[in-house]
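Remarks on the structure that follows.
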Amino acid sequence: MAGVGAGPLRAMGRQALLLLALCATGAQGLYFHIGETEKRCFIEEIPDETMVIGNYRTQMWDKQKEVFLPSTPGLGMHVEVKDPDGKVVLSRQYGSEGRFTFTSHTPGDHQICLHSNSTRMALFAGGKLRVHLDIQVGEHANNYPEIAAKDKLTELQLRARQLLDQVEQIQKEQDYQRYREERFRLTSESTNQRVLWWSIAQTVILILTGIWQMRHLKSFFEAKKLV
């Protein structure tokens, strides 16, 4: 697989899980290659109540010219998004180029999966497809020129709106970090408690084993009339 990205990617088998270290205050772009019916999944760490916009564009490999075609008419892309609880947030079929949007309602790792409808297209059968993907999270997902035109905002009002959105996103990030810290604390406490009880159990077992050995040896020596 060839790819260019701004985050660490990790393939895991045929349905690769590509881990993107994407910050919720920014946007990242990359491209990756997939084969026929192959699915690629990305893990995106997102706070709750945060809008996410994904833009993608596909290019099909021309075996004769050995180049990627600039467009792939007739080829579709299916996008599926699952929240940290495994609940499907979005599942929809798009065209060869498109945009998908969703809003997170549960903080944590969201799984974003894409695969083509290549089985319907003989030209792509057995070939490969290049997918350009750009994911925008948080206030960067807002189209401020469109907002300004719709709400008839002045430049100063628009700037104030952007600052308010940035502050809101920072608050969401802080809430999410506190949520992660709380989960980590609970996990640590649970682990420490299990370790403590295991240590106590080992100590009790050693004591009981020692008592049993002493009584067994005493019985042995008494039977041999050594004591």
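Yeah, the Cβs are placed from backbone N, Cα and C, and that goes for glycine too.
Keep in mind it's a predicted model, so treat the numbers as computed, not measured.
On the 0 to 100 pLDDT scale, the coiled coil (147-176) averages 79 in this prediction. As annotated by Swiss-Prot, coiled coil applies to 147-176.
Annotation comment: Swiss-Prot describes 39-137 as domain 'GOLD', evidence class sequence analysis.
DSSP classifies Asn117 (N-linked glycosylation site) as coil under the three-state reduction. As annotated by Swiss-Prot, N-linked glycosylation site applies to Asn117, with the evidence given as experimental evidence.
Taken from Swiss-Prot, the feature motif 'COPI vesicle coat-binding' applies to 220-227, supported by sequence analysis.
If you look up Swiss-Prot, you'll see 1-29 marked as signal peptide, on the strength of sequence analysis.
Residues annotated as topological domain 'Lumenal' in Swiss-Prot: 30-194.
The topological domain 'Cytoplasmic' feature in Swiss-Prot is assigned to 213-227; the stated evidence is sequence analysis.
Swiss-Prot lists 195-212 with the feature transmembrane segment, giving sequence analysis as the kind of evidence.
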**Study point:** Per-state residue totals over the topological domain 'Cytoplasmic' (213-227) - DSSP helix, strand, coil
**Key:** 11 helix, 0 strand, 4 coil
Exercise for review: List the helix, strand and coil residue totals of the domain 'GOLD' (39-137) as derived from DSSP.
Suggested key: 3 helix, 61 strand, 35 coil
